[in-house]
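Enquirer: What follows is a single structure, and I will ask about it in a moment.
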Amino acid sequence: MNNKVLQTLEYDKIKLQLNDFLSTPTGLQEANELQPVSDVDLINHWLAETADAVLIDRLKGGIPLSKLSDITPHLKRLNIEASLSATELSEMSLVLRNTSTIASFFEQMQDEAIGESLRVLPEQAKNLVTLPDITRQIQIAIDSSGRLNDEASYELKHVRDRINGTEQAVKNQMQAYTRGKTAQYLSDPIVTIRSDRYVLPVKAEYRSQFGGVVHDQSQTGQTLYVEPQAVVTLNNKLSELRVQEQAEEQRVLQELSATLAPHTEEIANNVTILGHFDFVNAKARLAARLDAMQPMVNTENKVDLQQAWHPLLDKDLAVANDIALGDGYKAIIITGPNTGGKTITIKTLGILQLMAQSGLFITTKRPSTVGVFHEIFADIGDEQSIEQSLSTFSSHMANIVSMIDRIDDKTLVIFDELGAGTDPAEGAALAIAILDKVASLGAFVIATTHYPELKLYGYNRPETLNASMVFDVSTLKPTYQFLMGVPGQSNALAIAKRLGFGDDVIGAATALTSDADQDLNQMIADLVAQRDAVKQHDVALSEQLKATEKQSEALSEQQRQLEKERAKIVLDAKNEANHIVAATKKQAEQMISEIRKARLNAGQSAGELSEQDLQAKKRQLDGLRQNSSLEKNKILQKAKRAKQLAAGDEITVQSYGQQGTLIKQHSNGQWEVEMGILKMLVDEDDIVKTEATAKAQQSKAKQKQQKIVKTKTASGSARATAKSRLDLRGVRYEAALAELDRYLDTAVLANLGTVEIIHGKGTGALRQGVTEFLRSDRRVKAYHFANANAGGDGATIAELS
């Protein structure tokens, strides 16, 4: 992309706003080097990065990066085996800690809902190389201010402890001078430092009272800074300890530097990745500041900007417009008077196209589409004074000439006031010739002009559309609204009349205007009036649609509340029934136990008992039980509904009260429903089968149930003799658990100590259900899978109480 268009369209002003959000030198460098590109894949990749960062910024407050220093010089010094200072190591430590933080941040998001929505950045984060041991070692040794901690080494802590003790001894000795009888010999009763040694400010005439060493004197010579003889030895010891401290500090710094040296390449790569994350963070926060959104990219250069405004204008003050180019026409000619907003409109198209091709979000209120232009040219500049008009015209023409040789069918050309600055007749003719030349090269064009001759250009040229800016004659002010398909209307006479010119002047001016011009202006006025009428009708329809949608939502909410209340009533009734059945079942079990004892006392063996007779009533009671836990199971409910509904079913859509036919099921829990001539997607919860469909399915289910009953009757007769094995293979989950419940009753009454339940392996769902059932059943003392040679985990052995 040529640099001139970036300057003309003020691209750098957009880039400079990124700097407000950057915190790393690498991120700042990447922002400074940002340029629009024409590689579609790269543009989409950049936009995907920005989209990820926008989502993270909205849900997580952004990627948690600290303000980092430039550690490139430090890495170079490490590569030549130099030792870093404590401050430099502190800056390295901050980079290492940020690396660990960012890597952990993205790992945690992968386990959250946001992780499924991120497309690009998590993969980049996987390239970060964390050095946890080294990071921890440096963090322990050096604090955030760049000072070596006492914990950096045992020897350093030992030396510093001795320094602290010696300093305290010196201070105690010196305080004896400042508080005792000798205080009268001091200029001030304080202890100060000269040449790294503790001294007293002694009056010159009392020098002999202290002995020791004079290290300095005041400017007047009346005060001498004396190190008393009594503390000379302590100060000497203190100096020696400080030398030891410096030596140990240097040793620690060399050791830490040597630890980092083998990892300079990984750290440099981390710096690049962190800087890039800083850059995409800035793009996301710029999008938030501008209230911008992600554009779609069209490789055929069909541009469709919906409610777009210039990003350098205040959104609350700017007028948003729809701007479309490339779909049916490749040129837009905006005609009309100056100060109506023509220039800002074409600049908006240009700057948003540059932003999108740089991976930045664009300032539109609705989803919009941009093209991918290999080159964008712009000739924009206000008309100058009469004295400068020749030079202005010449510079514009020179600029256009330089474009012509580089224009092709992948180029967007922007002209502002084409042909201005010279004789109007020649300027209009030249403008038409230039537009024809650019069109012959296949370029996409948007141009502004106030020449009336170009109003007919859009009607006489293929793939060309007229446009204008709306002017409110009643207020004599431009509205800055962009109107496509209608050329600019001349409002000079209307404005003159409103400003007070008499009918004689207006009439004379009208008479001097050609009939063609009057007809054209009248045609434009009629088109504008029709557009306004259609727009008002559209607004009315939109308001009516919103009211209808609001009413529909209210009815849907009312329906949901009714369904919730109905479900609660049914559930309460079922729970009450369960309590009654449980009490009755307990009585029945007690009666069965008493009958069994009576028969045993009468001399009958357990094997002679008619278990079918004893269990008949109990099974009837079991059948009455309403399994509230299964009713509450949303997964089972969804599975049941999915099995109950099928394509071709006649159904009723509850929210509309309309009958229809199911066409096909979609993966998002919705069905495609045909209602008369309409086809629409409806939530599965909103669908109820019609009575005819339900009866047909009940008939099929009844026939199937009769087959199952016959099978179970034969199986039940076999189990009546209380066999020690129950085979549940091929039985549906719920039916299998009910059958297991009945079998355990039979086995307990038959005094069976151990039973075998065969459930097979399959998906493991039935095996897990049997295991859960046995775990919570009081009749089961213990259970385990069968031996490997006896079925393994395809069968469970249960020991009964």
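Including glycine, each Cβ sits where the backbone N, Cα and C put it.
Small disclaimer: the values here were computed from a predicted structure and weren't measured.
Annotations for this protein, taken from Swiss-Prot, read as follows:
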- G336, P337, N338, T339, G340, G341, K342, T343: ATP binding site (BINDING)
- 696-721: region 'Disordered' (REGION)
- 701-710: compositional bias 'Basic residues' (COMPBIAS)
- 726-801: domain 'Smr' (DOMAIN)
Enquirer: Would you count the other CB atoms within 10 A of the CB of K342 (ATP binding site), including those on all shown protein chains?
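Expert: Excluding its own Cβ, the number within 10 Å is 27.
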Enquirer: Around G340 (ATP binding site), how many other C-beta atoms are within 10 angstroms of its C-beta?
Expert: 24
Enquirer: Work out, from DSSP, the number of helix, strand and coil residues along the domain 'Smr' (726-801).
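Expert: Its residues fall into 35 helix, 19 strand, 22 coil.
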Enquirer: Kindly assign T343 (ATP binding site) to one of the three DSSP-derived states: helix, strand or coil.
Expert: helix
Enquirer: G341 (ATP binding site) has how many other Cβ neighbours within 10 Å of its own Cβ?
Expert: 23
Enquirer: Taking the Cβ of T343 (ATP binding site) as the centre, how many other Cβ atoms fall within a 10 Å radius?
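Expert: The answer is 19 other Cβ atoms.
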Enquirer: With H, G and I counted as helix, E and B as strand and the rest as coil, say where DSSP puts G336 (ATP binding site).
Expert: coil
